[in-house]
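Following: one structure in structure tokens, then a few remarks.
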Amino acid sequence: MTKAPEGRRMLRVEARNSQTPIESKPRWIRTAVKTGPEYQDMKKKVSGASLHTVCQEAGCPNIHECWESREATFLIGGANCSRRCDFCQINSAKPEPLDRDEPRRVAESVREMQLNYSTITGVTRDDLEDEGAWLYAEVVRKIHELNPHTGVENLTPDFSGKPDLLQEVFEARPEVFAHNLETVPRIFKRIRPAFRYERSLDVIRQARDFGLVTKSNLILGMGETVDEIRDALVDLHSAGCDIITITQYLRPGPMYHPIDRWVKPEEFIDHADFARELGFGAVMSGPLVRSSYRAGKLYAEALAARGESLPENLAHLATTADGSTAQEANTLLEKYGPSQDTPVVSSKA
């Protein structure tokens, strides 16, 4: 029997989801652990200073590759989210009091880890008057202050689409402003009931109008069709999105949205080709790609597509922008060969 989340009753949608057993993964969803000197050095720094990253705590399968490039992701705003998305394992409950010292600690962690590029993400804070806008902006400011050679990507909620709150975040000038659309209009309300499809597009539009490099993500396998994915890509590009990541939904546990289908690497390649034809500046597409995966590489590619050079203080990111990556669909296809349709079945079957 599935237990209710700590601190609240199980929702009806969670009880319904729990009736579907956890699915067995296809053969192409696997990672080969390869460690290098940069990863080992990062690991020592993190354990020695008791630092915390999403990479470790979420058990990200890409930690070895990203850490080898000295990239890491931090979660801010506490452990509880004021909203609930049906794919996300972050606990939905009353958020903790705002920790105004968190920006300093995150910036010091970035310095201790000697990161080339950092991604900041976090929970929604609808309980706060500014919905957490100050926090997201201040973390960027503090990282830039203490780490002038570290790129910062700010992956934020929508701040209810309020221009004044978004403006505060924009003015901190992260290298990349990211807001994830995640899915298509037909199933959006079912998957992200507290968000709105058009509002998320408008957040991207406002960031691009401000002059920032923009980024978003689509998760496949939650019930969308191929045509709907293409339409969402068109919508994102029309809104001014520079960078797009496309990934397979992996169910965090029984209470979450059941997997509708396993998307083959060949389809991920098709979507990537379509996105490039539309004019996205940087594209990363594959089953185990995540929105912060190789983020520094994508930032460098997006600037190049704009005809811009990396800032002098971030010129070292050019060394991470060459060649393919382990989780891109074309790399998987080269490694495992042509894929076969894989039905969604219980791991207990």
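Glycine too: its Cβ is placed from the backbone N, Cα and C atoms.
Cross-referencing Cys66, Cys81 against the [4Fe-4S] cluster 1 binding annotation in Swiss-Prot, which names Cys55, Cys60, Ser292, picks out Cys66. Ser292 ([4Fe-4S] cluster 1 binding site) counts 28 other C-beta atoms within 10 Å of its own C-beta, drawing on all protein chains shown.
The subset of binding-site residues (Cys55, Cys60, Cys66) lying with their Cα within 10 Å of the Cα of Cys81 ([4Fe-4S] cluster 2 binding site) is empty, i.e. none. Cβ neighbour count for Cys55 ([4Fe-4S] cluster 1 binding site) (all protein chains, 10 Å cutoff from its Cβ): 22.
Each of the binding-site residues Cys60, Cys66 was scored by how many other Cβ atoms lie within 10 Å of its Cβ, and the smallest score goes to Cys60.
Considering only the binding-site residues Cys81, Cys85, Cys88, the Cβ with the fewest other Cβ atoms within 10 Å is that of Cys88. In the three-state DSSP classification, Cys55 ([4Fe-4S] cluster 1 binding site) falls within a helix.
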